[in-house]
Amino acid sequence: MDWAPRDWDFSAAITAGGRSSRFGSDKALALARGRPLLDHVAESLRGCPTRLLIAPTGKYVLDGWKVIPDTRPGEGPLAGLEVALSHTPTEWLAFTGVDLPGLTADFWQALAQARTSASLAVFPLDGEGRPQPLAGLYRRDLLPRVTELLDAGERRLKLAAPPERYVLVPGWSAALRNINTPDDLAALLSRS
Ligand SMILES: Nc1nc2c(ncn2[C@@H]2O[C@H](COP(=O)(O)OP(=O)(O)OP(=O)(O)O)[C@@H](O)[C@H]2O)c(=O)[nH]1
Ligand SMILES: [Mg+2]
């Protein structure tokens, strides 16, 4: 992979303020191939010049990542996106969670290449052909919309961008396996 800065003109944020209730312990720190899930995700975005970790202060130490706490703690990833968009210095932000250890730099580059001047978000399609908003690119202009949604009580991340303004990218469903339970992690590890 070429790490030329011109390829990484977007910022990165990992939202990590969840309670891992289905996993039963902090899944960000669960090990896959000897490294925490959080590290796998962070590695895929290490080329981004600005890297933000939306999490309680002091909960994680991730070299090169700036920790920013939630302004609406416990309100889910849409609230994490609001914080991230309000701190991103670039037009575009790669936004993801702690539990997608299959993401790679090539995945993010494929999304970046799919951006258009009219689009507000880029999402990959999952194995069922649905957009996966937890591994997407978001334009910073979405911030007022996200704030409005949250203020109105909305919590669904997929509503962050209007459907007519997002681009969908097929072909990456294998990279999108996400870990919600210990069985999910066991299944992932047994495949390799
Ligand atoms: N910043 C922030 N991130 C969150 C919040 N809730 C969930 N997330 C993150 O969003 C991503 C996907 O969420 P889930 O898979 O539901 O994770 P979770 O909420 O920790 O797990 P469950 O309790 O089992 O739902 C993970 O990276 C979570 O850490 C929150 O309130 N604030
Ligand atoms: Mg959750």
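Yeah, the Cβs are placed from backbone N, Cα and C, and that goes for glycine too.
Annotated in TrEMBL:
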type    : residues                                 : note
DOMAIN  : 12-157                                   : domain 'MobA-like NTP transferase'
BINDING : Thr15, Ala16, Gly17, Lys27, Asp70, Asp99 : GTP binding site
BINDING : Asp99                                    : Mg(2+) binding site
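Positions of the features from TrEMBL, shown on the structure.
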| residue | record | CB count, 10 Å |
| --- | --- | --- |
| Thr15 | GTP binding site | 24 |
| Ala16 | GTP binding site | 27 |
| Gly17 | GTP binding site | 23 |
| Lys27 | GTP binding site | 26 |
| Asp70 | GTP binding site | 18 |
| Asp99 | GTP binding site | 23 |
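Pairwise Cα distances among Thr15, Ala16, Gly17, Lys27, Asp70, Asp99, the recorded GTP-binding residues, top out at 18 Å. Taken together, the residues in the domain 'MobA-like NTP transferase' (12-157) have a mean pLDDT of 97 on the 0 to 100 scale. In the three-state DSSP assignment, the secondary structure recorded for Thr15 (GTP binding site) is strand.
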